[in-house]
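Right, one structure below, let's go through it.
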Amino acid sequence: MSSSSRGPGAGARRRRTRCRRCRACVRTECGDCHFCRDMKKFGGPGRMKQSCLLRQCTAPVLPHTAVCLLCGEAGKEDTVEGEDEKFSLSLMECTICNEIVHPGCLKMGKAEGVINSEIPNCWECPRCTQEGRTSKDAGEGPGRRRADNGEEGANLGGGWKLTEEPPPPPPLPRRKGPLPAGPTPDDVPGPPKRKEREGGNEPPTPRKKVKGGRERHLKKVGGDACLLRGADPGSPGLLPPRVLNPSQAFSSCHPGLPPENWEKPKPPIASAEGPAVPSPSPQREKLERFKRMCQLLERVPDTSSSSSDSDSDSDSSGTSLSEDEAPGEARNGRRPARGSSGEKENRGGRRAIRPGTGGPLLSWPLGPAPPPRPPQLERHVVRPPPRSPEPDTLPLAAGSDHPLPRAAWLRVFQHLGPRELCVCMRVCRTWSRWCYDKRLWPRMDLSRRKSLTPPMLSGVVRRQPRALDLSWTGVSKKQLMWLLNRLQGLQELVLSGCSWLSVSALGSAPLPALRLLDLRWIEDVKDSQLRELLLPPPDTKPGQTESRGRLQGVAELRLAGLELTDASLRLLLRHAPQLSALDLSHCAHVGDPSVHLLTAPTSPLRETLVHLNLAGCHRLTDHCLPLFRRCPRLRRLDLRSCRQLSPEACARLAAAGPPGPFRCPEEKLLLKDS
């Protein structure tokens, strides 16, 4: 029964969370790995969105939303005291089928489960163990990390096998001396081949019941014990789920044998003592080779298949997985190694080793063979060809060139508006390329458009305008960030009426040439948002020693209709010292203390302010009017719609304004001729 038929969500993996207790979780970023270099705090672009390599949790836990697949409840191990009861009520995740269940909810009599001792709440559930399903690679699964010396660290700690049956009889004792030259096959039987099972006296067993028919026991897995097969040729041997490699396991069992006898497999020689293995017919051999080839072809394209499917195929194929295996080698139980290195031999399915000539055939399951990798194709970066330079002359239909050069045509195009330029771009390809010149597009107006399409954004970038009006548009943060990163020469930007969600893109886009910024009537702007906009960027690139704010070079700032307080004005005076025009109209929190901050002796705007708009600020009174005499360069002061300001006080200020008198074309509007 497959995992897909066990209920909805049976095979869905739960993303584990940090334990927040291990050494990797409590440390800080290293700042040197490629993930740290990508982070914005270390000067990177921030595209990978990954944490530091040294901060990867070594014991991730299940999320708090994980529940049992059978009863639908969370883990309740904290409500009991005994170890067995805690284990029965805790949630366990299977590494094969990814099911999360309580061990007590599984109603299985004769079954075993292998607990992973490194990762919490992780095991191989009894259902998968009973069906004979294993992981794709038993040596590289979760919790089986290799140590620095090349050995598997999980083998030192070991796992536990849980069962309800009595333990089997003890295994054969380890031999101390050299093996006899000619033992009978009943002493240490080799692995039963598929053809031998079909042609022998024993009835064939189902493929998935090979591992499920083992005798279960409760045994600590670990140490250097090498378990061979029992005396009963029908029962497969019990092996620990993790071994170091074939050479180490064999040397620990038989220390008296020289390495040259067991490192390289040799073909067995038929002896008179042992019975001969019956050879299959040529038709059956062709059928077996065809089945193996079909299995290999099915595995090559399906690299992302589930572990249960690949393991069942590996178990059913036995020891005959090689496509180019000779018939004689298949009958004698020998399979050529896939590679010369010990790692490839360790990752193989079953490995047959003959210690000496005429010796017994020893075999142990080292895990199923992984599916072969698909052929890797060469990858090349395909870049578009460079654009050819623009022609200096206009080719005519007759084959000659127009007498006017490109510079003369551009001077003619400068007298045309945007609509006429778009018409000229449709005349010919040469005019279309000439009309993209940025001198023809000093200002582009896209205001009051509900949405901006990608062709519109691409057209703006190709024209490189100096002033861009995006007021009252539905531009998104991603679109605005894409635009600003490609308009480094932008001097004027109008974003009035947009949402702060999109305007917040200004915090991550460099605008070195910006001189005018219009942020009037932006929704949901508080002191915290304005502080984020005014403060220097936290991701200063390496080599930049000065911490300049984003608005250091801005000369005109329009903040009408925002909820600004005196704290925001202090930040404004500190991080925007070059302002000559400031619009604070209709700001409800601006009053007499705000005017005192703007005109204080320590204020940098006292000497640079030329235009000041305070229209609609209802908290201003007549007491703040004498403070404006501190600004010697003030040429325009707009106090219209200020309810608490009297016209007589404004007239007295206009008559005695420094260094000369103001004129009042309208009530509460003070102008001075330069």
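Every residue, even glycine, has its Cβ placed from backbone N, Cα and C.
The zinc finger feature in Swiss-Prot is assigned to 12-58 (among others).
Summarising the environment of Cys30 (Zn(2+) 2 binding site), the number of other Cβ atoms within 10 Å of its Cβ, over all protein chains shown, is 13. Residues annotated as Zn(2+) 2 binding site in Swiss-Prot, with sequence analysis given as evidence: Cys30, Cys33, Cys36, Cys52.
The zinc finger annotation in Swiss-Prot covers 65-131 (among others). Helix, strand and coil content of the zinc finger (65-131), in residues and according to DSSP, is 19 helix, 11 strand, 37 coil.
Residues or ranges marked as compositional bias 'Basic and acidic residues' by Swiss-Prot: 133-149.
For 180-191, the entry in Swiss-Prot reads compositional bias 'Pro residues'.
For 206-220, the entry in Swiss-Prot reads compositional bias 'Basic residues'.
Sequence annotations record features per position, and here Swiss-Prot assigns compositional bias 'Low complexity' to 302-321.
The repeat 'LRR 1' annotation in Swiss-Prot covers 472-497. With helix defined as DSSP H, G or I and strand as E or B, the repeat 'LRR 1' (472-497) counts 8 helix, 3 strand, 15 coil.
Among the features that Swiss-Prot reports, repeat 'LRR 2' is placed at 498-521. DSSP labels the residues of the repeat 'LRR 2' (498-521) in these numbers: 9 helix, 4 strand, 11 coil.
What Swiss-Prot lists as repeat 'LRR 4' is 587-616. Shown for the repeat 'LRR 4' (587-616): DSSP residue counts in helix, strand and coil, namely 11 helix, 4 strand, 15 coil.
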_Surrounding residues of the repeat 'LRR 4' (587-616) on its own chain - C-beta under 8 Å, 6+ positions past either end_ = 556, 559-566, 569-570, 573, 577-581, 623-624, 627-628, 630-642
*Tell me, what is the mean pLDDT of the zinc finger (12-58)?*
87
*Chain-mates of Cys30, Cys33, Cys36, Cys52 with C-beta within 8 Å of site centroid, Zn(2+) 2*: Glu29, Gly31, Asp32, His34, Phe35, Arg37, Leu53, Leu54, Arg55
*So how many other Cβ atoms are close to Cys52 (Zn(2+) 2 binding site), meaning within 10 Å of its Cβ?*
17
*What is the total of other Cβ atoms whose distance to the Cβ of Cys33 (Zn(2+) 2 binding site) is within 10 Å?*
16
_Tertiary neighbours of Cys36 (Zn(2+) 2 binding site) (same chain, Cβ under 8 Å, six or more apart)_ = Glu29, Cys30, Phe42, Gly44, Cys52, Leu53
_Helix, strand and coil totals (DSSP H, G, I; E, B; other) for the zinc finger (12-58)_ = 15 helix, 1 strand, 31 coil
